[in-house]
Every structure is written in structure tokens, then in C-alpha cells.
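*Asks:* Below you will find the structure I want to go over with you.
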Amino acid sequence: MHSITISLFVSLIAATLRLSTPIIFAALGGVISERSGVVNIGLEGIMIAGAFFAVLGSYLTQNAWVGILFAILAGMGIALIHAVLSINLRADQTISGVSINIFSAALMSFLLFKIFAREGQTDGVTQLSYPKEFFKSIPFIGNLLAELNWFVFIAFILAILLHLMLYYTPLGLRIRSVGEHPKAADTLGINVYKIRYLCVLLSGAFAGLGGASLSLGATNLFREGMVSGKGFIALAAMIFGNWKPFGALAASLLFGFAEAFRIVAQGFGWKVPDEVYYSFPYVLTMLMLAGFVGKTTPPAADGIPYTKGER
Amino acid sequence: MEKVIEMRGITKIFPGIIANDNVNFELRKGEIHVLLGENGAGKTTLMNILYGLYQPDKGEIYVNGKKVDIKGPSDAIALGIGMVHQHFMLVHNFTVAENIILGSEPKVGLKIDYKKAVNDVKELADKYGFKVDPNSIIEDITVGQQQKVEILKALYRGAEILILDEPTAVLTPQEIEELGQILKNLVKEGKSIILITHKLKEVMNMSDRVTIIRRGKIIDTVNTKDVDMDTLAEMMVGRKVNLVVQKDPPKVGDVVLKIENLEALDHRKLPKLKGVNLEVRAGEILGIAGVDGNGQTELVEVITGLRKATGGKVILNGQDITNKTPKEIIEAGISNIPEDRHKHGLVLKFSLIENAVLGQHDKEPFSKGILMNYNKIREYAKKLIDDFDVRTPSEEVHAGALSGGNQQKFIAAREITKDPYLLIATQPTRGLDVGAIEYIHKRLVEERDKGKAVLLVSLELDEVMALSDRIAVMYDGKIVGILDADKTNEMELGILMAGGTLKKEGEHDKQ
């Protein structure tokens, strides 16, 4: 193979992994929330908060890891609103999620203006340091690894951990039972509300991380509109992935690939208009919708508030 | 004798209704104690309090002589109380073992010890002679097996006191007998059992003592051997009850409904009706007996146009109505008292006035052109309410505000008053009190005597046997036998319902 082809191939894979990462985080967040029976359409808004607070944390302490911690806490903070609204107050979960998206985007713009005294985007902050040179020295896959960032690894590890948790631990069994048949879980002494709170908060942490991976992983600043629908793509990935961690991971990679292909393919020099490349992710989405969605099944109690002691 | 449970002065108030009014109840060690009452009498509420699902507003509970405070199911489980709910509390896509261990999972390190789980479940099932595979998925096993899983769930948690809520509602007569044996074995082991039911026959066959509850109040607790069915019925309802449906021999006319090799798929796109053949004639009640899920629901849906037939024919008075729209089918002369009165019978948030003309709202005199004639509709609604003795403050109230019995009477009124050729009634008395049941039965028999064809589908075998002139047994998407109601019995029907075949006379000797 020509070296140019190889390097194109490597950068395509690397771009796929990098672009998938935010989607993977948020899709896993969606999986854990919906597996417990709470629809979390607010992933988009939580990602925005995560992206902003990651930069803020790094800005205040010059430490990107603190930024990540900020992102997780901010994500959980916003998710807590959704949890209270949809678990305790039994609000319509779609409406709660949509309002969180609107609220979060607006709040971050406001904070951006208040704290950084700028509009549109923040200053550049300390990024997560990544030992590019070290990875480059690894034979065979070094060139690929050097193109990534820590978030990519964290996303894959989280997918594996979530899979193990859901399918091999008592907590996972309980979470799935609460999402399928909360009353059955309740009659066995499982606290449905507690499990749902835990899962929604975790989903906030995941989506917050996803936001951080955008602002601290791909760049070193927060820009308004940088999430641009990735939370919704993550929801789609969760559905394509049939509400399973590995399924969501694979679907996210497919979306990431579509994006990466759009960018990389423009370098191929094929004689087609740019619009064709731009349409690629959407065409892929439609194909996946047509091909796979019919076969997926959401958790039976997804989106239905649980009322203890209802007659 | 030793009291394992004592409930004293339990009162539970739900908005608008006192579900339990100063109730006293006791359970002795090693007895099967039936809690008998009509639907809505407060049986399940009382037991849900004992299991910690509801908190009583007043009253005290003693377990083994000690006063306890049961805040939730986990407290009840810790006290050795297990409950098998009427609607099974099983996660449909979990395995048997997963359902049983849920909430008290055996562990190795952080992981669930599935090997131990499967072994424990197998051991427990073998000990009680239950044939259930721990690795089966719940939705793949029969309802009878699911019930055993529910019982195992309680036993796995070390239950000494077992509450079963209407356990026989979904079982064939043979399965009911088997359940009776299971319960006797459990009692032999020293367990104590509370059985909730409204079926008198089971009380007589299965229990040592009976506590009768009516409108939230305890009427009496008696030894089963000191009473008979009529006495129990009277105590349960509060007046003399006629347990037998009065009817004359049928005057059978021409075939009204003819079904030929009817096939249809279920919601999972799997074959559900596999060649149904059936005839219903004018002036007869044809009852369809069968265990839930053998295609009864789908059959009615295909006849009424709610589900597409994939093969075969439905013929009404010689006219092919297969796969016609519900509207065309209604106009052809089929009325339907549907299985689920809340989903398919009424629009609960509409007034009785509007509900009165559902399905014929676009016909004169109820509407003219694009306008509804509400004066005429209101008159009609009033007539339905009067004719069928529907108890309601006025015709203006929402259908959802009526009691189940009155809702059902209203639906029956609407469907019967349409004057159809064929009246379909699916589970027409489910969840109704004895008074309403008597009334609905009487009206169905009246329609038959007027020369209508009546197709009755019911999971209550007693109801099918009491009302029908002929009984068709449905099993696995087919009619496996049609018997004359006065020449058959529960045993025969039970065998057919379970998929068995009836031996011809005289073949018994050859066995």
C-alpha cells in the first residue's frame, strides 16, 4: 500500500474515534438513564454545560483534570433538575428535557458573558496534556494513537464498565428491572426512586464528560453552538444501539465515521460537489433509521413515571 | 392455635372511598385462610398493607405475636411474608432465575453469582416439584409456570407466610387443582397461606377458614366446613344471590356468523390464529372457552375489523366482511362489548352523552351533514341510562366517573340498542360485582331469546358454562372442540383448554 493511502486511512480512523467520543459519552448517559426508565432528552443541554464548565474549571485552576471534574459536577447538577422534575414531580419527561436544553444553552451564554466578559467563545485554556511523542514510538499503532486524546480512551473504558455493571452486577440487574417493571422491583424491596435518581445523575455525569471532551479534547475553549446537536445524535445512537452500551458505542462510532468521512473525503480529490460530502452523515442516518430502528425495543417502562402505592 | 399474623383495627382511606374500615384479621400457623369478597371489597388493599405496599391510616399489625411496623415490601420480606400478586410482578425479558434472585442476588466479588443462582433456583423448584427451567425467559413460559416462578420468588426469600391474590384467575381447571396440591404441600411444611379470591368453589375446595369482607368491612370469619356456597355468597354480597343463570332452551335459527379457516398474526408478527372455523346461529349463545392468550383476543379483533386477517373468511349473513373497516362491520350489524372497557369501550374523558353515540355519531338522527344534533344525542343517552338502569348522577358526567359495573352496563346499553345481528361480548363481567354480573348475564340471555346471535368470549369457565348453549374451546389459535353446554363438564373442557384431546366413549378400557 502507498504510504499516502495508509496515512489517509489512519487519519480517517483517528478522526472517527475523536469525533465519536462526545457522542459515545452522551449515548452511554442516555443508555443508563433510559435503562432505569427515565427518558433523558436533555443530553444536549447537559453537554453544553459540561463543555462550558470544563473550560471554566481549567481556566480557574490551570488544571484540565479539575476542568473535567467541573464538567461532571455540572452535568450532574443539571441532571438533578431533570431527576426532580421527572421522578418526584412526575413531569412529562420530554418537556422537562427540552426545557433543560433551552435553559442550559441560555445559562451558559450568560455565564460566558459574566465570567469571561466575552461573547461567542471563551479564552483558550489549559488542555488535557497528551503524550503524543510517547505514543508515536509504539510500533504499528503508534501513528494512530498519537492522533487521539485521553477522552477517547475514557469513553471506551466507560462503555466496557457500563456493560459490566448493567449485565453482571446486582445493581445492573436492579436498574434493568426498574426500567422494565418498576412495580415488580418495588415489591421485592428495591427502591425505584433511588435507582432512578442514581441513573439520571450518572447520565448527567456521562453527558457532562461528553461536553468536556468537546471543549477540552478537541479544542481548548468553549464556543457557543459547539455541541450543535451531538446530544440528539447521541439519542439516536442509543436507539440504534438498542439501549445497550456496546450497541450505543458501535452506533456512535458509525456517526463519528460519517463525520470523519465527510472531512477526510474532501481530501480525496474526487470530482463531486462538496454538498455530497456534507450530506453523507445525514444519508447514513436515514439509512440506519430505515434499516435498524424497527428491530429495537426500548425498556418497557421507559418514560413512565412511577407512583408508589398507586391503586 | 398459634397466630402468625394479627391485624387489628386496620383502616385505609383512599380519596373518596374507605377501602378498609376498622378491619380485624388473623392467620393461624399452618392454615389456608381465604379472604373472600367482591371486586373492590378491599381484600387486596388489606393484603397490600400487610405486604407494606400501602400504609394503613389506622391500626396495628402483629407478626408472631410481636407488634411490627411494615414500611415497605423489604420489611415484609424480612418478616417472612411473601406475596404473589394478581398481576404477576415478573420482568418479561428476564430469565426465571433473574426474576427470582432480583433484590437478593448471590454474589461473587462484585458480580452476580449466576451459577449459584441457577442452582439454588433449580434446587428449590425440585424440592416443591415445580417443572420450571431457571434459564427460560419469562415471556416464553406459560402463565401457570409464571405463577410458580412467583411462588418460588417468595420461597427463595424464606417466606413462611404466603399471600396469593386471585391465583386461579388465569389457570385451567387442571392447573387450579395442581395449585391446590402445591398449597397443601406448603402447609404441610408449616407454612401459612392467605388466599384472596371471589370464587366460592375455590373457597370450599382449598381453605380451612374464610374471612368475608364486604365494602371494606369484615362480615365474619368462619370455618369452611361449617358453611356452604349459598351462605358464603349471601355474606359476600349482602343479599340472596341467584348463582344460576335462568334460561329456556334456545330457539336456534339460521347461521349468522360463519368463520372459515381464519388466520391472523399477533403484534409480534407471529401466527396467532391458525385456521379458526366457527359458526354462530341466531338465537344461541356460543361461548368461547380457553386459557388467556390462545387467540381469543385476536379472533374478536379480526371479526370486528381491528386486526387484519392473513387468510380465511368472516361471513355475516352470507356477506363477506373479511378485512372490512370497523365502520363497515358495525354497519353490517355487529355490536361489540369489548374486552377492555377503558381502552376500547368508552372514551373516559367524554360525557355519557358523547359516549352514547360512539360508532353511530355520524348517522341520523344524531348528526346532519357536518353538524351534531346534541339534543337528539342527549335524549338517546338518557334512554340508554333509563333502559339499562345505569346508576349515574346525570348524563353529563364523564364516563370515567362511573363505577366499573355502571360503565359496563352503559356499554352494553349502547351496543345492544344498536339492534345488531351479532352481539360479541368479551369478558363482559370482568371486575364487576355480583349484582352487575347478574344483570349483564340477564341482558345477554334476553338478546339471545330475541333471536340475536351472541358470541361470548370469557376466561371465566364458570361464566361460559352458565351462559352458553354451545361451547367452543380455543387452544393455540384453533377451535379444538365444540361441545353442547348441557352435555359437557369442567373436566372435559379443562382437558381441551390445556391442549389435550377427549377420548371417545369406551376407549378408557384400552389404556
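Glycine is treated like the rest: Cβ placed from N, Cα and C.
Copied straight from TrEMBL:
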{"type": "TRANSMEM", "residues": "A:6-31", "note": "transmembrane segment"}
{"type": "TRANSMEM", "residues": "A:38-59", "note": "transmembrane segment"}
{"type": "TRANSMEM", "residues": "A:65-85", "note": "transmembrane segment"}
{"type": "TRANSMEM", "residues": "A:97-117", "note": "transmembrane segment"}
{"type": "TRANSMEM", "residues": "A:148-168", "note": "transmembrane segment"}
{"type": "TRANSMEM", "residues": "A:197-219", "note": "transmembrane segment"}
{"type": "TRANSMEM", "residues": "A:231-255", "note": "transmembrane segment"}
{"type": "TRANSMEM", "residues": "A:276-294", "note": "transmembrane segment"}
*Asks:* List, by number or range, the same-chain residues at least 6 past the transmembrane segment (A:6-31) whose CB is under 8 A from its CB atoms?
*Replies:* 40, 43-44, 46-47, 143-144, 147-149, 151-152, 155-156, 158-159, 162, 166, 202-207, 209-211, 213-214, 217-218, 227, 230-231, 233-235, 237-238, 241, 243-245, 248-249, 251-253, 255-257, 259-261, 263-264, 267-268
*Asks:* Check for me, if you would, whether the transmembrane segment (A:97-117) reaches the transmembrane segment (A:197-219) - at least 3 Cβ pairs under 8 Å, residues 6 or more apart in sequence.
*Replies:* no
*Asks:* Okay, the transmembrane segment (A:231-255) and the transmembrane segment (A:65-85): do they have at least three CB pairs under 8 Å, pairs separated by 6 or more?
*Replies:* no
*Asks:* Taking a Cβ cut-off under 8 Å, which residues six or more beyond the ends of the transmembrane segment (A:231-255) line up next to it in the same chain?
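*Replies:* Residues 16-17, 20, 22-31, 34-35, 41-47, 101, 156, 159-160, 162-163, 166, 207, 210, 281, 284-285, 288-289, 292-293, 295-299.
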